[in-house]
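Let me begin by presenting the structure, written as structure tokens, before commenting on it.
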């Protein structure tokens, strides 16, 4: 087709619609040439026609034509100037799309067009960037995002910060640091660097305040900023506006700063920099969306309605019918429909909804019409008016609108994604009104289903935002039915692909947590580490828009604001690489360091405690492994902190091997000292200053070895080399398992600091129970110096403990022992040096790191954290377990070795909470044993499995082992099978009782026995075959009847094979028995696995142990079945036991020397409820003076709640139980025989010393037998009431920890016994100076126990009047007042009763200020839904009335309703008559306290 070049614009406009591509290309070139020539006139018929003709070129698929169209627009902008502004709204969106073109030339022309718009004043730079930002920051095309960042940089360079405010763009730019595209991330970094050049150091704090900036990115940006500053690239605007940030610059710096011309710069080439971390962007809209409606516009429109002429109720019906017809007619004029929707609001304003048929009939009719509008209406004004009407209906009708909302909700949600902003925003606000006012549980299903299934990110993001409002506005009761669905939905949305949805979901999580803390913990435990950190940041930052507030139920441990960095990469760094051993004389360097440290230490050392005089190798408060130590700062007297520039020689001797050389001790422990953060030694520094590593696996001679052996270390007593706490102590498996119910968490939220204080120790005093008894209340007891009480030669330099090789086999689990340092004869207090990190969240971050050195530091710190007696919260524990699942197959040997230490420590602390994790633990350890390992690693895994044996219930272990063996989906290796069978054999032989064997004949048992029989006939591996046969025999020995039944169900072939194995073993055993000592057996195979008697054999009553009353040992000791000889010894002593019972009971009953009498009140409650029980019991408690040594004989005990050699048998149990069950018997006079020793100690019945009572009490936990707990607590109460309280004061914190644990028990009698002891403590003036520091914790714990049971409630009711005289007024009011205000029944009732009794006993001290504090809450309680709370509040107000007088209280009564005031007047009059009649004013108060 012939082409003729046009001569004017009208000619170009006429030819533009032509379809010939060649013509278009030529026409486009000619048009650009025409427009670029200033001599050519641009006058035409209509410039709009030219713009309309260029638009298809711009949006077409031909890149050359699109490029020419951009050039043509640029030329038009130059010619028209500001007149082009009329066309920017049409052109700009398509220019944005061309920014993402695949051709570089097209993108460049688009950039030039944007520059021309700013340069020729078509749009101011700020206005143009704002318009672009609304869509470019979140544009789906990565090229658009990248080019827009370049546009910001160009504009900034061209116009500077005077015309362009960049602060508003920083958050969305930071969000792009986590963009999936590498080029966008690089462009974002470059953009921030360019912004820094203009604004200077003001940018740094803004970036640090943004939690969504990954720490690695922040560190990179800081480095680039520093580089820019050092190179003098900062512009004058940055230096002028620093406002003091640049004060550090000297003249030379200023000279180096040069002005740079503000000109357009070429875009730098992108280099592929990978980013491994994806942030959670917190992108806020830069500007408001044009056309969007707001909540204010809704509110102002609610009552903008037409006036209705209503004269009769029928008129309203007529109007309603007209409205219904109009809004249902799709063909009606849209203005009429808008007016009809307004009339609906007008009818509601006139209370039309009060008519009975409105909700039942007319709302249903309206819902159908509204569904049609929301589904099919195209007019935005109609939909907007419908949304306003829906919002007003929800605000007016509230829950009556539930059926209506259920009908329209799904369609209303679908409008969120509408491209028209007015529709999307109106529907969103209508949804907010529905959530705020219509609390209908049936609506939640639609919310959650849509959120889970919607593919629109706008819908998901908005619904996540609405979830925050949902959890803030709705009551817990309305959410309970759908709690699990909400949990699953919230969990999914936290991991949503859209950043805004994730952000709102994190806010919603903390709001959800206030309703369901347990379910929130479940969500937290399933998240990965990054998501958990993001959650914590939202909580710390307070969230956005008031939605991210934290709650009292969240984890206590918070990261500090000033902490450096956020991830392991930016936290504490390890020291530089060590010098070679050949570089310096390492021995001299180390000895010099030791001398310097000791010199510093000797200036600060404290005298030894009274109980540590024998422990010469320990100093100060560190004499016992579990005692509190002064936390010395490394900069204030302790070991000086190592500077980054310092280096420390690193000896290259094999770990754990003493390599003495002629004339040298360079590898003795004194040369193993390390820097503060010098690697693995940080963990063990608290013990020895040396580095006790695992064995290297290199064969070594033991002929001249100084390695510890069981016959030398610990006084010749057997102990576990790795996890034992020393020859004189035994870490027991029973421990305080803190229960954290939501109610308790809410009640005790204010007292966590007090509970934390309890974990510090007894004011630095040595605790004589430390190292001998188990930890209680979260404080670890059970670390003492190895063998200090047994042997004095352990301090000698030649002793086994001092040798380096002994570390591998004798270091304690907590590593709190101090060893002699060879060559110097000095000892340092290594407790001043800590693990790399103390903050648990930092530790968890490091453990989750991908770098092995950071994981190592994290594991070291976590091990030390647990070893210090601290416990993890439920959230932290779940997070740690999730990380550990990945660490089980860690390929780095050093990290895995530390990991096993940490796992062991975790088991020791949290065994009771790891039952569900046991299957994973065993499976992973067995799989690891199936790989090729060093001998040292192999033995270490088995040591961990030994701890599993001892700290998990044997029945649970059997169940999980059967599950592992019978799992047909797994095909373990031969080595793995051998490890499993060996573990099972050891368990059955050593730890199980016959009752532990599953008795339900489950399929798992049958498959397990079948599998064992198959493996016992395996022909490939002799070792596997032998181990399988041993396992069969062990199980048969464990429970012969059950195994016989299981074997009978096997196929004939395997049945014969298994029986042959068992019979052959029986024959061997019978032969060995015939050749040895003949002893009767209790089962055919009782001698096949000899199990030594594990119960202690010390103390005067050790042999008087009935098989029914083995409270301290037999119920949990690691014996499966004792031989008949042992059983006969026990049975033969039954007569002696009964004789002793009767004799001791008679002595207690008839002995009157040194007695004190306690009369029980008629109701049986005066704080000594159990005396009449325990007075008839033989408290056979005997801890011999050398019990430390004797208890060490049982270091291999397992599953025992007590390791102390203690006997507390409850005699005449039936009588005790009967008495305990009837505490309201008639008044009885109880006599308890006590005497006083020369040293001031009490001597109770059966010569039980007060020190023994306290010692035993400190070992109590809530899971021990009820009779034992009652006996021990009763004895402790006697000592507190009748003694001088010297010992209870000395160990007050340990006693408090024990009592707090006891009060968590499930058994009511145990809780009551604990409350009695607590009552005596609070009534003891001698202990007042101690318990006053923990008053808040004590009162809140009492209030918490009030909801335990009816018996506990009655006991507390009788306890409150007795402790009230001792309570301080101000502090007590401050504690109970918040509980009265916010507590739930019955905790608020208990708080009111405490306030009533305090008012009764401290009436003269009450002031107007006190009345102002408590009266508003009492007034609200007077209208409580619970009648008992109302009654107690009324009695309390009456008491205040008489204490403070009518003139002060009566004005306050105005807040009460008239009926309540009349009721108060009745009670006041009755009280006044009672007082005038000579009655006591306490009667009514007592009635209130018992109501």
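The backbone N, Cα and C atoms fix where each Cβ goes, glycine too.
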1011-1049, 1128-1166, 1167-1205 - the range that Swiss-Prot marks as region 'Disordered': 1167-1205
Region 'Disordered' range according to Swiss-Prot, out of 487-536, 537-586, 787-836, 837-886: 537-586
From the candidates 617, 626, 966, 1097, the one which Swiss-Prot records as phosphoserine: 626
Feature phosphoserine, as given in Swiss-Prot - residue among 704, 729, 1123: 1123
Phosphoserine per Swiss-Prot (candidates: 713, 968, 1112, 1124): 1124
Record-annotated phosphoserine (source Swiss-Prot) among candidates 634, 666, 705: 634
Secondary structure content of the repeat 'HEAT 6' (955-993), with strand meaning DSSP E or B: 30 helix, 0 strand, 9 coil
Intrachain residues whose Cβ lies under 8 Å of the repeat 'HEAT 8' (1408-1446), provided they are six or more past its termini: 1369-1370, 1373-1374, 1377, 1380-1381, 1385-1386, 1388-1389, 1392-1393, 1395-1396, 1399-1400, 1452-1453, 1455-1457, 1460, 1463-1464, 1467-1468, 1471-1472, 1475, 1481, 1484-1485, 1487-1489, 1491
Mean of pLDDT values spanning the repeat 'HEAT 3' (163-201): 87
Long-range Cβ neighbours of the repeat 'HEAT 2' (85-123) (under 8 Å; 6 or more residues past either end): 48, 51, 55, 58-59, 63, 66-67, 70-71, 73-74, 77-78, 131-132, 135-136, 139, 141-144, 147-148, 150-151, 154-155, 158-159, 264
For the repeat 'HEAT 7' (1289-1327), residues assigned helix / strand / coil by DSSP: 32 helix, 0 strand, 7 coil
The repeat 'HEAT 4' (402-440) - residue tally per DSSP class, helix then strand then coil: 33 helix, 0 strand, 6 coil
